[in-house]
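Sequence annotations record features per position, and here TrEMBL assigns domain 'RCC1-like' to B:41-306. What TrEMBL records for B:40-100, B:104-167, B:168-223, B:224-276, B:277-329, B:330-387, B:388-437 is repeat 'RCC1'.
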Amino acid sequence: MATPAVRMFRRLEGLFCVYKPSGVHWKLVRDSIETNLLKVLNATPSQPLPQEVRFLAQPSTETEAPKGLTLSATSVPVLSKHPLVSGPEFQNIQVGVGHRLDAFSSGVLVLGVGNGNKTLNDLYRTRVTRDYTLEGEFGTATDDFTHTGGVVERSTYEHITQDKLERVLAMLEGANQKALLMYSNVDMRSQEAYEMAVQGLLGPEGKSAPILTGLRCIHFQPPNFILEVQCLNETQKYLRKVVHEIGLELRSTAVCKGIRRTRDGLFTLQDALTRHHWTAADITQAIRQYHSSKKHRKRSQSPAKKPALKTSEDVTATQQNEANEEAAVGKIKKLVAETRS
Amino acid sequence: MGSGHCICSYATLSKASRPQEKSSAGPVFQYVGQNKKPTPKVFVWGFSFTGALGIPSFVVPDSGRKKPRKYQLTPYRLETAEQISSAACGYGFSLIASSTKDASKLWGMGLNKDSQLGFQRTQHSRHQSYDYVLEPSPVALPLVNPLQTRVLQVACGRAHSLVLTDREGVFSMGNNSYGQCGRRIVEDEVYSGSHIIHNIEGFAGRVVQVACGQDHSLFLTETGKVLACGWGADGQTGLGHHNISSSPVEVGGDLSGVEVQQISTYGDCSLAVSRDGQLFGWGNSEYRQLASVTEATQINSPRHLPLKGCGKVVQAACGGTQVAVLNDKGEVFVWGYGILGKGPNLSESSTPEVIPSTLFGRSQFNPSVAVTRIRCGLSHFAAVTDRGELFVWGKNVRGCLGIGKRDDQYFPWRVTVPGQVVDVACGVDHMVAMAKSLL
């Protein structure tokens, strides 16, 4: 027997992503979302209290003298099921966090509710890449690689041109591509290794050192520059260290001014919910979108396909398809709702 | 709050919220000026006991406790006095040359039993020459104007070498038992300790490129004509016979009237690329290198090789048993016998097979990476991309691939060279790479 609250909870089970602002610990985000969901879940109109038949003694009047007990059957509500007695239906719900984002960074943070946490575990185990945008500034080196840290050294940067930066990025990318091959567990002397290398499927399984599978500069205006990075098994501190090392390679110094995750697996910035939308209604809609896109993907993929590394281009293509589908579905639903009301 | 107690609490700003003092505190370091040019570097790797790497401490260690290093499996920096513009690896020896006008512009190291590095005077006696040269030692070219002539290119074969200069033609040294040095064959000549460095005559125009096969030599003039001399038993001289030729003779066959822009050879097969992108080959075809035109095992006259699907050929490289060409789009095609670069299953092919560009670093982030240079050693390949990365594949003879292990490599693998690779020279069991620093 499912109460309206439980039914609403079933609709909430799944994965969705939020936009975590910088300066906030990821746990606060998770806690506030859990609080919002609990508020709405516990505010659903509770079912009417069940009644039970109890034999109660009649209240005696003063005129009659009590001669034995006269009991009458009365239907009384079951007080033990009253919400004021038993407490709210949901004390806490399982909200899990996917790949973490530290307090300095912002961007897509994947969360799972209820059964979605099992999918989160699977997400962890598959080899999913993540996209980041790193903002850097030349001229300073700090102790924690950010622009708010204590300054360790300052150096000139007038000699840096975009061409030199591209050369350094090419060198770093080459080293990372080689690391991808080195960390894969395939025997390099087999034909299978060659086939996988051609398709770009060679890579580490499970835990490994952080590897940048893609790196390019999208904006260069000394002293500021913005890099787009696609990586595996990384931490945000490692990415800040990469910015610092790029500064060192260019015979100068650099700090990271901001890290923003633009994609985590298949969840992009387009699907991320901002702070004003951390309500149960928006989350329910996001989870519905996720479920429908999962069904669409299962239908379009052949059953024997191995999960390949998802790149941002594949993702945007599928997301566009899904967005179009969702827009169509949404329109139809709106029309149906309007005709009903 | 009311009167009475006023609880003051002092809160200091945390490190995160304190505004950073970007003022004049502290010095500003300048590590590099605005006009810094990249530093040229030379890296060597492979088998070191012949001295071909030019690092004496690998063969004769500095201290008694150290052991000699037989194989240098990763690139090792070779300190040179000048910027090296051209290098060549032979069978156990190397020549490096600089394009300077100074007196010493050519250095040799490695095997010198046939005087392929010229006469290298020993310390103790001025009539004896070293059999193994462990360090880059200057080669004394008999130039008419030693302070004006520049060395353009060097090439090394099995036991002979060729030096191309800009104003004084081609010099040859080393073994001449088959006439590969372009001079008259002297019977029972002793090549060890020989002083002869011969200036080859008989060219109608200026020579722009030289190539050394195992025991033959090829010359390309500026008018696009190819001349050959040396051993011809496999028809590698392309002169229409299988005899020795001791002076350069123009090559005919399908090449008559064709303007050649590049020649290549290292074993017993020779290739030429014409200016309009056609490929011509002659010599040994036992490994199906020329199987597109013939089923015979040798061709002694150049034949045009019709390559399907290769596009316009801009470079060709010829190894001992395998062949590679590069087209104008930066794609590499290989065929022949051996480890061709498409996994262990493809060990021979008589038609060109393209190597997928994803193996050279092309990806969605970099869709325009292209190969700009290909070279062949005796049983391995090397490719340099436009981003300055070096890829090698093939048989790892005594660590010549430079990938840190002695296993054979069945598909292109990056070599970690500290810098951007400009050019590479491949030998039998060692390689020399010319690079420049990133900044």
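Positions of Cβ are set from backbone N, Cα and C atoms, glycine also.
Automated prediction, rather than curation, is the source of TrEMBL annotations.
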Original post:
Among the recorded stretches B:40-100, B:104-167, B:168-223, B:224-276, B:277-329, which has the greatest number of Cβ pairs closer than 8 Å to the repeat 'RCC1' (B:388-437)?
Top reply: B:40-100
Subject >> Secondary structure content, the repeat 'RCC1' (B:168-223) (per DSSP, counts of residues) >> reply: 0 helix, 20 strand, 36 coil
Original post:
Mean pLDDT, the repeat 'RCC1' (B:224-276)?
Top reply: 92
